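Student: Sharing the features that TrEMBL gives for it:
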| type | residues | note |
| --- | --- | --- |
| COMPBIAS | 8-19 | compositional bias 'Low complexity' |
| COMPBIAS | 20-30 | compositional bias 'Gly residues' |
| COMPBIAS | 270-289 | compositional bias 'Low complexity' |
| DOMAIN | 39-173 | domain 'MPN' |
| MOD_RES | Ser183 | phosphoserine |
| REGION | 1-34 | region 'Disordered' |
| REGION | 265-312 | region 'Disordered' |
Amino acid sequence: MASRKEGTGPAATSSTSTTGAGGKGKGKSGSGDSAVKQVQIDGLVVLKIIKHYQEEGQGTEVVQGVLLGLVVEDRLEITNCFPFPQHTEDDADFDEVQYQMEMMRSLRHVNIDHLHVGWYQSTFYGSFVTRALLDSQFSYQHAIEESVVLIYDPIKTAQGSLSLKAYRLTPKLMEVCKEKDFSPEALKKATITFEHMFEEVPIVIKNSHLINVLMWELEKKSAVADKHELLSLASSSHLGKNLQLLMDRVDEMSQDIVKYNTYMRNTSKQQQQKHQYQQRRQQENMQRQSRGEPPLPEEDLSKLFKPPQAPARMDSLLIAGTVLSRARRATS
């Protein structure tokens with residue numbers, strides 16, 4: 001399957017799309033305010049994303065692609081897209097950055113919007129909250145502030161309801177990712193929780209007037225009396241699969257909690273040992289002082305008591321985010 005290499009998008013856009021996309025909008029917004037309030041997608045882009053998955057997506061495989069368009073004030077308009085091609089690890093000569101540059105250059109030559117404004121990805125039962133997506137979206141959003149990631153759910157769409165959502169990293173999470181410090185203390189200081197890692201941006205699908213007229217004509221000529229018969233509303237198998245995946249992620253969260261509790265116990269135990277050692281040293285110095293002897297030299301306690309390695313908490317937040325996503329999917 002086509003696998004996005006970390007940093008591929010921003011590398012391809014740093015010389016073309018950053019200034020272009022930013023120049024169309026109001027400029028950089030403050031850290032507490034989102035640069036994009038609404039995402040407007042052409043209907044043709046939605047069809048291209050669906051077609052990409054139907055042709056290359058199978059089972060748990062993920063399809064990804066590039067979003068093109070422009071920024072108008074606080075609205076991101078997505079007018080075109082193209083997929084990342086399928087390639088294997090044996091294709092060592094394939095250069096994704098060069099591929100994207102050539103595609104955008106070709107679109108520019110035929111006067112089609114070629115500014116890079118984000119990327120899209122399919123998901124399998126809501127399992128898109130991963131470290132790979134976090135790193136990729138951070139790279140995009142760091143290079144192009146208005147960038148979004150579109151998440152397409154083919155399973156829910158096949159049940160009769162189009163599932164397409166746009167996400168961005170919150171300003172707080174962007175700051176944490178810039179520092180690259182995911183320790184428990186850093187996340188606590190930044191007040192980052194799994195519910196506030198991503199912000200969803202409202203989506204509006206827009207078609208041209210000619211397409212709207214065509215759809216109205218097709219609806220009039222449709223011979224289907226009850227259109228609801230075309231929809232498969234059976235969801236028991238999908239619900240069971242979703243709950244099974246949800247249980248797996250809850251098990252992972254439980255294991256991660258056990259690791260964190262072990263770290264806290266080891267830290268507390270070491271603090272007690274450190275305190276006891278200091279008390280013994282103090283008593284020994286008092287005895288030496290009473291005998292007229294010089295006190296013992298000061299020792300570096302950080303070398304005697306090396307603090308235990310703190311587990312990275314970002315993975316825990318991602319697991320919790322996946323649990324939340326699948327729980328919402330099960331109740332929807």
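A Cβ is built for glycine as well, from the same backbone N, Cα and C atoms used for every other residue.
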Student: Enumerate same-chain residues with a sequence separation of six or more from Ser183 (phosphoserine) and a Cβ-Cβ distance below 8 A; give 'none' if the list is empty.
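Tutor: Looking at Cβ-Cβ distances below 8 Å from Ser183 (phosphoserine), excluding near sequence neighbours, one finds Ala310, Ala312, Arg313.
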Student: For the region 'Disordered' (265-312), jot down how many residues DSSP puts in helix, in strand and in coil.
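Tutor: Output for the region 'Disordered' (265-312) reads 30 helix, 0 strand, 18 coil.
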Student: Could you pull the average pLDDT for the domain 'MPN' (39-173)?
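Tutor: Summing pLDDT over the domain 'MPN' (39-173) and dividing by its length gives 84.
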